Amino acid sequence: MKLLLFLLTLTTGLDTSPDKLSTLRLGTVRGVRSLQRVPRWKRERRTEHSSRSERKRRDSFGMFDGYDSCSEDTSSSSSSEESEEEVAPLPSNLPIIKNNGQVYTYPDGKSGMATCEMCGMVGVRDAFYSKTKRFCSVSCSRSYSSNSKKASILARLQVTGKPPTKKAKVLQKQPLVAKLAAYAQYQATLQNQAKTKAAVSMEGFSWGNYINSNSFIAAPVTCFKHAPMGTCWGDISENVRVEVPNTDCSLPTKVFWIAGIVKLAGYNALLRYEGFENDSALDFWCNICGSDIHPVGWCAASGKPLVPPRTIQHKYTNWKAFLVKRLTGAKTLPPDFSQKVSESMQYPFKPCMRVEVVDKRHLCRTRVAVVESIIGGRLRLVYEESEDRTDDFWCHMHSPLIHHIGWSRSIGHRFKRSDITKKQDGHFDTPPHLFAKVKEVDQSGEWFKEGMKLEAIDPLNLSTICVATIRKVLADGFLMIGIDGSEAADGSDWFCYHATSPSIFPVGFCEINMIELTPPRGYTKLPFKWFDYLRETGSIAAPVKLFNKDVPNHGFRVGMKLEAVDLMEPRLICVATVTRIIHRLLRIHFDGWEEEYDQWVDCESPDLYPVGWCQLTGYQLQPPASQSSRENQSASSKQKKKAKSQQYKGHKKMTTLQLKEELLDGEDYNFLQGASDQESNGSANFYIKQEP
């Protein structure tokens, strides 16, 4: 409607007062030329103003009710008492796009015109409703109050919490088993490492330059349902027109111009000012959800000036005709686009909420943690007994690793009792309904049993899919899984997956989909054959029918760029690429790193984000590893691989000893099974042939 109104005013100079709106609604965008013009006597009547008002109109170079391309003498600046700010003298050669004889001032609440704060309609201020003249009608006033529009606008793009304050380091990446083994030493030497290791700097990295120089494509926003605007992105695409600040201008006042989208990359758009045709000299990248991007017609409704870029200001003699021709039938952003962006960035989780989260030092159990901050839906959780609040864990609010207080007890999951027996002041339990619910399953019939074999992504090395065994069946469809050949005797390295988890697969999944399956550590009969292994171990495979086979139409394609969490160091979000797609399973490669650090991730994982997400939310993005980092990485690659086995053994000894000590202290509990269905992990399964 705003675009239609904008085009109508360009062509006809029609009054936009409330009594004319019903007439405007009858037309279509392509039919603007067929509407009758306002009679000459009405236009002449509008131009009967005082000389001071005329000077003010000429000095105000906004395109509000129509376009004229001409050069006027604007050497005198307005000093009217009705205006709050003076407009600097404009160059005489600047094309001024004037009002059609109507005095129009910025909506300053004192004189001239006013803009309705509810519907955005512009009209004569004296005709507006109430003493404050904020609304055009009683209905708008009531709607504004009932919808709490004011609160929504004031909360625009509000992000709770702060991004990591320390510059992220280029880590010598390694499987988490090695990190766990050296966790105590890592904590003690963290400050020294921060001083000795070079920090990754975002200076010089630009998504726009990175994509343009390599002809990359980015995954569309619609692939990320958990991200802002992921479910309401609509048909925003190339050739959509928007109003943006005009940076090719020497005026002291902030002015705008119309631009078209040339290319989309996630939230980022390559824009080109109208009038440049095929000239890309002044093309620029910006975040389409930014506060300076508006639908066509916003300037007219908000009283903002539209001025052509200086480079092309003399290219056309009639800007009015040019813009009408270019904008007729064109698409623009929805009028409530900025409101939708703001609403999609409001998160139900708040600081001081208590949750149960996986213990990063013992994956077999959970601990109580407190929400410290929220950035773009990502939570920085601090374990409750951390005195200096540095023992933290990052995850998304929809992560399958967090649950409501009492979840572990309800399903029979192992839980570490906190040393804090009483809640700290201000801390409160997160309501259970805020956690995404998993798919309900029927465990009464044929179901998973202890000892059944399957294939699973190793949570300690996400680049591999391993031979695994169901070690314990919990309530509500949850399973405790162990990696064959790598388990501690006391089960301290078991991990919890739901039966619908995208990280577990039936026997034979890797072979059918030509993925390398990691055999049990120490297994010598290679190549690995499932039939022989099942016979040797006297075990059976989990029935294929128990795995969910739903595959969503996710929209990802090989080669697409995105921003992805490094799950081995979950506080880091890196530049990444989709390198392989197996049904709903994605192989994520971190640009600049070796393939051994790739990660298998589900297409609906909340740890994947569109290009531009970090910029939108204020989170720090890790750019591709530099050439020097790769050289150092290659030099130490052999040494790291050689040390992995010893590190792994050290990890096993340490975790077993620690767990036994904690059991003696009575800190670790194994609850009886109850009932709960709180866990978020999208169902992910694949079409697999049933072997006879």
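For all residues, glycine too, the Cβ spot is worked out from N, Cα and C.
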Among 141-163, 325-347, 670-692, indicate the range for which TrEMBL gives the feature region 'Disordered'.
-> 670-692
Confidence summary for the repeat 'MBT' (528-624), mean pLDDT rounded | 95
Under 8 Å, at least three CB pairs between the repeat 'MBT' (415-520) and the repeat 'MBT' (205-309) (pairs 6 or more apart)?
-> no
